[in-house]
């Protein structure tokens, strides 16, 4: 007899091939993100062959996330669908009222609002006013009033403390020296600014003072003498500065006597006009002079 495949016509052979390809095409239709070409299914419909596996399961065409159909239908992929439900436990710190774009309590997941769209324009327009959070509602501004988001209050800049010199509370009172004691101390200081231990003990006993009082007085007197001497030297430096630049000088012809009138600025038709000058002896000073030196 003839073989199984040899006795059939080419039409029957193509029908059997379509039946073999049908399960693979149906399995590919369940893969997410894969769009099925309609050409093999059209061939099956034209030949009249109906797949046995496709009768009990509905056809779910997959849509790519960036395809034209997904953009026109305003959809997102299945993994980004809204997972929030009324029975789900809310996160800690979030409000229990429904937010804009979420599923309301009385709606089902199959409602037009919950088609995987978080913020569709049509769904927001169809929501009742009670589900929307108004700007003045306390639930909307609760996170703003929380201490973690509220800015810290500006600290007032306290005025800087006045740096006043505070004396110690246990400071000893100032020693009131008499006039005779001050004169004796000044006389002794002009003789000798530094006293030995024996001299200080003898001198303090003669003035009815303690050695510490005499020592402190001599220390203060030496500091005062140093300040006065520095002030005198500063005055001498200021007075010694010439009125003219150092490179500028007045020259006279050699062998001719210097007229006295030219030093004081008097006019002479045969001599140059001289600038007024003070006598040279005014600037001479004994820098080594000591004001406490006794002659």
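Using the three backbone atoms N, Cα and C, a Cβ is placed for every residue, glycine included.
Which of 34-74, 75-115 counts as region 'Disordered' depends on Swiss-Prot, and there it is 75-115. Given the ranges 170-229, 230-289, the record in Swiss-Prot names 170-229 as DNA-binding region. With DSSP states grouped into helix (H, G, I), strand (E, B) and coil, the DNA-binding region (170-229) comes out at 42 helix, 0 strand, 18 coil. Averaged across the DNA-binding region (170-229), the predicted model reaches a pLDDT of 92.
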